[in-house]
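Engineer: Shown below is the structure under consideration.
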Amino acid sequence: MSINAEQVRALRESRGWSQEHLAEVAGLSLRTIQRVEADGRGSRETKLSLAAAFDVPLGRLSVVGVGDAGQDSAVGKSSFSLMTIGTFFVLLGLIAGVFVPLLVAGSAVLVSGLSVYAIDYLNGMRRAAGMPPLLPDAASISGLSLFISGVMVVLLGLSINGELWWMPGGVLAGIGLAALLWPPLRRRIIGGEPTPPSAE
């Protein structure tokens, strides 16, 4: 199992501990501590012992994969883009003399962007605590944000015009729900993620 060697070293040094003292506190051998700090190799039990010794969440000692970092970056950019577009629509609606459809669309997109940001933040907090994310991939997060946008369009139409805007809101919510439910549905139908062919 991979352990974040730099994090272990930083936590040890911030406490003024020697490798020998860490080994004693964690109930591990000095050789194990040296191996973890050298190349980040260790068993799950080693990782649990180190987390307990430092009194930190297990996820703090995890190595963040390239895929995770890339997904976080993509979700962050998506959230920023949605909020920028939403703000533009709202401003355009105000400039056009309180043009209701643009105001509703802009508000819905803003809420969508904020929901993406909130989910991304919660996912980061859960990963840091060694827990699985609320939604596993960017497609699911985008689906939920579209669903929220659609519901917002319907409700804003009701509050502003006294009418339920089923057509635009329903289409948005439907697309979002499909994107949200597709990954687990695909896993159920196919029976898991496709595995790459093993190298001979």
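If you go along the chain as it appears here, the first residue is 1 and each next one adds 1.
For all residues, glycine too, the Cβ spot is worked out from N, Cα and C.
Not my notes, these are from TrEMBL:
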type	residues	note
DOMAIN	8-61	domain 'HTH cro/C1-type'
TRANSMEM	80-99	transmembrane segment
TRANSMEM	105-122	transmembrane segment
TRANSMEM	134-158	transmembrane segment
TRANSMEM	164-182	transmembrane segment
Engineer: For the domain 'HTH cro/C1-type' (8-61), what is the mean per-residue pLDDT, to the nearest integer?
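Structural biologist: Per the prediction, mean pLDDT sits at 89 for the domain 'HTH cro/C1-type' (8-61).
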Engineer: So how many of the residues in the domain 'HTH cro/C1-type' (8-61) end up helix, strand or coil by DSSP?
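Structural biologist: Tallied per class, the domain 'HTH cro/C1-type' (8-61) gives 40 helix, 1 strand, 13 coil.
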